[in-house]
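Presented below is the structure to which this report refers.
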Amino acid sequence: MDEDEKDRAKRASRNKSEKKRRDQFNVLIKELSSMLPGNTRKMDKTTVLEKVIGFLQKHNEVSAQTEICDIQQDWKPSFLSNEEFTQLMLEALDGFIIAVTTDGSIIYVSDSITPLLGHLPSDVMDQNLLNFLPEQEHSEVYKILSSHMLVTDSPSPEYLKSDSDLEFYCHLLRGSLNPKEFPTYEYIKFVGNFRSYNNVPSPSCNGFDNTLSRPCRVPLGKEVCFIATVRLATPQFLKEMCIVDEPLEEFTSRHSLEWKFLFLDHRAPPIIGYLPFEVLGTSGYDYYHIDDLELLARCHQHLMQFGKGKSCCYRFLTKGQQWIWLQTHYYITYHQWNSKPEFIVCTHSVVSYADVRVERRQELALEDPPSEALHSSALKDKGSSLEPRQHFNTLDVGASGLNTSHSPSASSRSSHKSSHTAMSEPTSTPTKLMAEASTPALPRSATLPQELPVPGLSQAATMPAPLPSPSSCDLTQQLLPQTVLQSTPAPMAQFSAQFSMFQTIKDQLEQRTRILQANIRWQQEELHKIQEQLCLVQDSNVQMFLQQPAVSLSFSSTQRPEAQQQLQQRSAAVTQPQLGAGPQLPGQISSAQVTSQHLLRESSVISTQGPKPMRSSQLMQSSGRSGSSLVSPFSSATAALPPSLNLTTPASTSQDASQCQPSPDFSHDRQLRLLLSQPIQPMMPGSCDARQPSEVSRTGRQVKYAQSQTVFQNPDAHPANSSSAPMPVLLMGQAVLHPSFPASQPSPLQPAQARQQPPQHYLQVQAPTSLHSEQQDSLLLSTYSQQPGTLGYPQPPPAQPQPLRPPRRVSSLSESSGLQQPPR
């Protein structure tokens, strides 16, 4: 009994422990089963254990590969992940990663291609690498990519795992906002090797599907790819920031009306890198891209006109020397008291490159072209009109621009963009402007003859001004026609379209040259005519002044030889500046001819009169010389000066003079000539414009000097008790000999025939129309020093002659106003 009870107790405890163990094992199996993927049905314990074992084996293999490929911690910063470190390395090396199949299809490209070449990754994916290369390099690059297939049809794992890198150089096409621009290539370097990958998606519609034959291709599922790092041969110092997704980042700033920074938001430093104190006081145009300055200037003008607006997308230079795309909403704030514009408030938003490209192409009225048209080497046009900022950069590639094949050219973005700066130069040649012009200019070129009028002979009064040189914008609009390049797949059709464009430009240039040559010939003929008229006027002036001494000798036999010599010197001094002067205006020529004719006619008339009219002739000739020497470019109305000298001399006066003085003595003529030879100095030409129009009427008034002038004693004057001596005043406006001061000198010897009141002598000089505002200068005529004992003439008391002013030189008028004073 006791043994049986002991056995039952042991059996019960053993069963209890086994049950506990089985329950614990079932819990673990159930937990493993829940952790396995794809648990759609209930699995037994054996299946669960098999799957767990398989997962552990895979995990061990992956861990081993990760340890091999993982970057060692000794040279990689611990706070950077592998992806971040790879991106930083690519940016520092000016490179990107690309994966290309053996037939040239691009299956992967990193995002760093955008700041380097301007392509979006989505545009490059599933395209063929040969589409981005010049035609001269297609065969060479294709041989490099298919080189491993020539060695063996099925690459061995040892060949694929070899560390021998493959390096080669080529040119890669640059991306641009405008696909119509002439293609530009960048010189790059490929460094990489071949790797095998499974389940690589086959590209579709890349244009090179039939390049390789089916037997030469690697079987599906065992694709071999060329993985390489692409670097620029010429490093870029200014790169475009790669922002593919819209980050919705913005910041505010405040500017003056001249667009200088006055305030910067705290959100700006993480975006542009500048602290507020680094940009305050600087102009916003210092941070903008050179290609966006013209568009931003237009936006600034629009803002100043309307007070608010939105700018276009533009590039802003960050502190890290990268271009970031921004778009600004701005408005002008006004002072609350005087309502004057105070400053400009701007809200800047970050824009992605993809959005900018879509917006620019919409502005250009272009549809998003397919891959063949986007990366084609030929210029293709959809027939839409191009805006002025579209340029044909044909001159940048030289003579190879006419060829459809793309010649390799190592040009960076900075050198490529600097070629557009010639548009802002006003002195650019038409050849350079041809590359920068806008195409819609045929209507302006058709009206070219109307825009260049040739002045006729009716405008001979004024010299024809030289033709104004047209600005760069007008010249380019006249030169370039509106040419539409039809998109043709054949290279010869593309060549013919380009050739027709250059032929049209050549015809426009030849037409412009013919018009300019005709204008030059017309101007030369007009200049020749003016020179002939100048020679005629100068010859007449020489004859006039050579005849003047002979006229004076015919009436004054007592004139001394030294007076004749002084008169000849004076005439030579007047003639020499006129002969040495430059070309004059036609208005001056005509006035000088009329002046010389009137002077010759007056001298011939005066030669038939008595001694007293001789003095009037000398007075008129002196004033005529002064009037002719004061001819200025401002007016041609001085031709009316000599005919307006109305001198009235009665016959009775000349008879009295002949009876009372049988042997006349005209020694006082010399003193009168000396006084009249003083220069009449008007104001400088610059002061003519400074006068108000209301002062013009005052210049013609008569100015009287009541105390400072001496009395002019006329030999034929009536007695002092019933007459007054006339007072001569010579003005630039009007000069009138009028009786205004009584004479107290007795004249008992005056004959009775001369007691009649002689008519007053009026010397009237009309002021020129263009010299109304000149200063009126008066000549103070001293009294005659009459010889004592002369019959019939009163003897005035000896008066001290007024000192003569030294002649002054007026640079703005003729040099004849500065004649030397003859010796006393």
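Just so you know, glycine gets a Cβ as well, placed from its N, Cα and C.
As given in Swiss-Prot:
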type: BINDING; residues: H119, H171; note: heme b binding site
type: COMPBIAS; residues: 1-10; note: compositional bias 'Basic and acidic residues'
type: COMPBIAS; residues: 378-390; note: compositional bias 'Basic and acidic residues'
type: COMPBIAS; residues: 421-431; note: compositional bias 'Polar residues'
type: COMPBIAS; residues: 559-576; note: compositional bias 'Low complexity'
type: COMPBIAS; residues: 587-610; note: compositional bias 'Polar residues'
type: COMPBIAS; residues: 614-636; note: compositional bias 'Low complexity'
type: COMPBIAS; residues: 645-664; note: compositional bias 'Polar residues'
type: COMPBIAS; residues: 694-704; note: compositional bias 'Polar residues'
type: COMPBIAS; residues: 739-760; note: compositional bias 'Low complexity'
type: COMPBIAS; residues: 766-789; note: compositional bias 'Polar residues'
type: COMPBIAS; residues: 794-805; note: compositional bias 'Pro residues'
type: COMPBIAS; residues: 809-824; note: compositional bias 'Low complexity'
type: DOMAIN; residues: 9-59; note: domain 'bHLH'
type: DOMAIN; residues: 82-152; note: domain 'PAS 1'
type: DOMAIN; residues: 237-307; note: domain 'PAS 2'
type: DOMAIN; residues: 311-354; note: domain 'PAC'
type: REGION; residues: 1-21; note: region 'Disordered'
type: REGION; residues: 367-437; note: region 'Disordered'
type: REGION; residues: 556-667; note: region 'Disordered'
type: REGION; residues: 681-704; note: region 'Disordered'
type: REGION; residues: 739-824; note: region 'Disordered'
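For the domain 'bHLH' (9-59), residue counts in helix, strand and coil come to 42 helix, 0 strand, 9 coil, using DSSP. Residue counts for the domain 'PAC' (311-354) under DSSP, helix first, then strand, then coil, are 2 helix, 27 strand, 15 coil.
Taking a C-beta cut-off of under 8 Å and a sequence gap of six or more, H119 (heme b binding site) has these contacts in its own chain: I113, G175.
Taken residue by residue with DSSP, H171 (heme b binding site) is part of a strand. The Cβ of H171 (heme b binding site) has 22 other Cβ atoms within 10 Å, all protein chains considered. When secondary structure is read from DSSP and collapsed to three states, H119 (heme b binding site) falls in the coil class.
Broken down by DSSP into helix, strand and coil, the domain 'PAS 2' (237-307) contains 29 helix, 15 strand, 27 coil.
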